[in-house]
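A.B. asks: One structure follows; several queries about it will come next.
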2 protein chains.
Amino acid sequence: MAEKNIERKQHIDFNLLFESLQNEDIGKFREEFLELHPYDQASFFKDLDKEIQTKVYHYLSPEEMAGIFENIEIEDEDYKEVLSQMTPTYAAEMLANMHADDAVDVLNELSKDQVASYLAIMDNEAAQEIKELLHYEEYTAGSIMTTEFISIAANQTIRSAMYILKREAPTAETIYYLFVVDDEKRLVGVISLRDLIVSDDDQMVEEIMNERVYSVGVGEDQEEVARKMKDYNFLALPVVDFQNHLLGIITVDDVMDVMEEEASDDYSKLAAVSGIDSFDRGPLSAARKRLPWLIILLFLGMITANLMGRFEQTLDQVAILAVFIPLIAGMAGNTGTQALAVAVRGLATGDLEKEEKSKLVVREAGTGLITGTTCGMLVMIIVYLWKGDIFLGMLVGISILLTLIVATLAGALVPLIMHRLKVDPAVASGPFITTVNDIISLLIYLGMATIFMGYLIG
Amino acid sequence: MAEKNIERKQHIDFNLLFESLQNEDIGKFREEFLELHPYDQASFFKDLDKEIQTKVYHYLSPEEMAGIFENIEIEDEDYKEVLSQMTPTYAAEMLANMHADDAVDVLNELSKDQVASYLAIMDNEAAQEIKELLHYEEYTAGSIMTTEFISIAANQTIRSAMYILKREAPTAETIYYLFVVDDEKRLVGVISLRDLIVSDDDQMVEEIMNERVYSVGVGEDQEEVARKMKDYNFLALPVVDFQNHLLGIITVDDVMDVMEEEASDDYSKLAAVSGIDSFDRGPLSAARKRLPWLIILLFLGMITANLMGRFEQTLDQVAILAVFIPLIAGMAGNTGTQALAVAVRGLATGDLEKEEKSKLVVREAGTGLITGTTCGMLVMIIVYLWKGDIFLGMLVGISILLTLIVATLAGALVPLIMHRLKVDPAVASGPFITTVNDIISLLIYLGMATIFMGYLIG
């Protein structure tokens, strides 16, 4: 019984909601719908057909609709469609009622003209806040921060700070940290609500505030911000400019979105697909996302084929050589992908910044030597036992040894070089490094075969 | 000037600390060290040599040391070494002073005997809390929750709730949510500190509490917990048993660690490396992590070679066929990895649960048909222009077409089947699916070549 109770409480009856929409029973719909958590509201909303979506915002105020838009993760195209169906005043009022950072996420997807027209009819204060945030480049701390924070002065009492807190609580993005600023709005300290609550009302803010306040620069990479927040277990981080002026704060919920985004991003790059987040699309749009990569890799593959064409004579004389091509190319690809993943992940988590990168390269060379020797010996023995030809065994075994050393190094070096060139190392995707290593490994294998041809046909 | 100021505040002078340790200047070391954020303390500590580490805990109390251990992410082996250097009473006291969930993380790495001996000499209350948590299986909500939460009754006033809050604040893991329970400790509501602060002192808890409280079951997967927390922007989630009894809470900082862990995990599986997080290891331990995969893939590669051996006669007659082997196998591997990544990610983020899986399979078949047709046509034209042989062009082109359809389907189906079999779909790593697709694609290519041999040598 009790178990069922939980189920009922957590599992929302979307059918009931849907019915009330179809029956145009506004009262019942509003009653049920406004009870929901905004995330559930958004989940319900985004699965509706367009004409039913239109009904929903006819039944809701712009304030109520703002909560849905803050929690929706629909594709850019869908944003535009939904927005375009609203009257401009309704849309502008909804945007004004959203947290400024979320409103900016929406506006960033629109054309400059559209943004300008929404801002023009928007409440002035909200428009000002949004305009400030629109300046900042995507993927920086500035782009994910909000300006709705609570700041207090150092020479206040706790009582008066509590008063400000209560007044600002309804609109602030977080009330769990109060940031202390000086007369020129420079960040000088922080008080957690926890400290505030256990303190005496008559104490001064400067007595209990923590002066060792961690902050991030407004231009800092959002991934760096996420890392800091995660390592230090902060719930919010202040964002400052070069003069240490407090510009905004970044809250932990925004950072979780960043973490999810960056993880998906690295993952999809390793697999050479762009943006693998949306599932409601048809085969055509899926193919459109994958084809660019496949065609690049196809041309790289044609280069491999071209290079192999130069060894056609060798292959013609010793056909058995062809049999081991997939094995050698495959091993090169696999070991390269492993080394690549270690390097990319190291750069992403920041573990590699601290360590000298040359150390990584030396280590990868050592790793390649060990894995190459092991796999090379194994292959030599197996091929010898299978084909009874010691020269063929040695040729394949030594090719594996050399290939694994070179491929491991390539896998580590390519992302390091990209990082140095300020290119995101994750774009050195798995399939890309695999194709490069295909070429290297086949040059080694067929080159050696050509040189030592005499032993193979002898 | 101001810029420098920030730098100085945030950049900690580890050299100064290190000097004071070397000079055995306890007073100066403690003064500087205890000023640091626990994460910085841990960063400093874990880079020290073993004998210097020993000094550190001689200078610190078990309570002070607990903060370091809560923030350390050292490898299992290192944990044991550091612990074994401490006297058992010191270690037990330190564990007792850690947040219970963090202490359990440490104890989970030790042998049963060691755990029992630490618990035996530990403060009774702390030992009890830890014992309760040790029951829960790894990767479940129970294993990451803490029992240090604040619960209140529904029929209390806000004033008395505030009193409990102030009393419990120093030891509770979070004070930002108060959980409301009935007489039998069943979860009936939640109040955020935000609500508490803006409420009137004389109001009753039940008047302002939110009855629609989200919770997770104690046995629920930690990834599911992380997803819920991220989607709903919670800072803490209550954990309940089947009867809805409140057992503990999970806080957002633990969930961020889970997200990082799971992302790294999926990523390293796609690249076929186990645990790519630690960088301070030598080539031997790196090779040990990668070799198991490489050897499995080596044997799969030998199967490919064996299968190709059956086509040796075909290859002997038309050597040019070998030239396109890396291209075809490569394209099969790439497209399979793309489909795999989409499916694994879909299962991981839960997007796929909602949708019928058959829809994904149909879509992937369509995607394979489109990418296959495009790439196949391209290859046919290029090979014809390059080699002037329309039959060879058709053979390679049609092989690419069929290969891409089959490989795309295989990439999507393998993780879906694994998921059905309750195996983590991420273990269907990229290189594994690549090798499987190598085999399929070469069977298609060389099989067709053998059947239509007449046209190729004609």
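The backbone N, Cα and C atoms fix where each Cβ goes, glycine too.
Annotations per TrEMBL:
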type: DOMAIN; residues: B:145-207; note: domain 'CBS'
type: DOMAIN; residues: B:209-267; note: domain 'CBS'
type: TRANSMEM; residues: B:291-308; note: transmembrane segment
type: TRANSMEM; residues: B:320-344; note: transmembrane segment
type: TRANSMEM; residues: B:365-386; note: transmembrane segment
type: TRANSMEM; residues: B:392-418; note: transmembrane segment
type: TRANSMEM; residues: B:439-457; note: transmembrane segment
A.B. asks: Report, as numbers and ranges, every residue of the chain located at least six residues beyond the transmembrane segment (B:320-344) whose Cβ falls under 8 Å of a Cβ in that stretch; write 'none' if there are none.
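C.D. replies: For the transmembrane segment (B:320-344), the list is 266, 270, 314, 352, 360, 364, 367-368, 371, 375, 379, 383, 387, 392, 396, 399-400, 403-404, 406-412, 414-416, 425-426, 428, 430, 433-438, 440-442, 445-446, 449, 456.
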A.B. asks: Pull the DSSP breakdown for the domain 'CBS' (B:145-207) and write it out as helix, strand, coil residue counts.
C.D. replies: 20 helix, 18 strand, 25 coil
A.B. asks: Going along the chain, which residues at least six beyond the ends of the transmembrane segment (B:439-457) come within the CB cut-off of under 8 Å?
C.D. replies: 300, 303-304, 307-308, 311, 314-315, 317-318, 321, 324-325, 328-329, 331-332, 389, 391-392, 395-396, 398-399, 402-403, 406-407, 410
A.B. asks: Give me the DSSP three-state residue breakdown of the domain 'CBS' (B:209-267), ordered helix, strand, coil.
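C.D. replies: Summed over the domain 'CBS' (B:209-267), the classes give 27 helix, 16 strand, 16 coil.
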A.B. asks: Just to confirm my parser: what is the rounded mean pLDDT across the domain 'CBS' (B:209-267)?
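C.D. replies: It averages 89.
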